[in-house]
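Before any comments, here is the structure.
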Amino acid sequence: MVAAGKLYVVVVMLLIATISNSVSADPDMLQDICVADYNNGVKMNGFACKENFSASDFFFTGLATPQSTNNTLGSIVTFAHVLQIPGLNTLGVSMARLDFAPGGLNQPHTHPRANEMLFVLYGELDAGFITTTNVLVSKTIRQGEIFTFPRGLVHFQINNGKGPAAAIAAFSSQYPSREDIAPSLFASTPPVPNSVLSKAFQISYQEVNAIKSKLA
């Protein structure tokens, strides 16, 4: 219990480190708080502020327990951003919990609006990102260690260990968003033309259709 408590203290410190204006990817706040009003129809960069708020607008329990990894990839990401915590509106920070089965993969993806810091709760992960000059930067990270992913770059994590693994991510945006590379290309609506994918990946139309059917 003591060790677990120390881990969570480090996670909280990690989140606080992302709050400074120098790392926030979102516009600066202009008032103390601006709790998101999900029901306001005004379209804006972020959410309008609701008039009345309470402590529950700043509270979330969704990262406290492991989530099921019984899926094709063997991993699950649980976000704690402005859509779960309305009090994060204009604060420029958010978090997520990542759970991995042995062999589980958090598939290659990007966060268009945020840098990311990943803190391993338990287990070990092979984590990496690819630069715009196609250089892979990767490292095996274990309990208590941190790896950083620059904003907008393709990155991934995979659990090559024998047991389950979990990590906490901190983001420099209230809503970092996420774009998974494979589904974006092979499962978009409307679909990317087969001619584009065939030429880009140097594969046949039949192979393109096979991948699309798996991701449909």
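Glycine too: its Cβ is placed from the backbone N, Cα and C atoms.
Annotation source TrEMBL lists signal peptide at 1-25.
Cβ neighbour count for CYS49 (disulfide bond): 16 (other Cβ atoms within 10 Å of its Cβ, all protein chains included). Under the heading disulfide bond, TrEMBL lists CYS34-CYS49.
For 61-209, the entry in TrEMBL reads domain 'Cupin type-1'.
Cβ contacts within 10 Å of ASN106 (oxalate binding site), excluding its own Cβ and spanning all protein chains shown: 24. Under the heading oxalate binding site, TrEMBL lists ASN106, HIS111, GLU116.
HIS155 (Mn(2+) binding site) is surrounded by 22 other CB atoms, counting those within 10 A of its CB over all protein chains shown. Look at TrEMBL and you will find HIS109, HIS111, GLU116, HIS155 tagged as Mn(2+) binding site.
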Using CB atoms and a 10 A radius, I'd like the single residue among the binding-site residues HIS109, HIS111 with the highest neighbour count.
HIS111
When the domain 'Cupin type-1' (61-209) is classified with DSSP, how many of its residues are helical, how many are strand and how many are coil?
22 helix, 58 strand, 69 coil
Return only the integer: C-alpha distance in Å from CYS49 (disulfide bond) to ASN106 (oxalate binding site).
34
From the binding-site residues ASN106, HIS111, HIS155, pick the residue whose C-alpha lies nearest to the C-alpha of CYS34 (disulfide bond).
HIS111
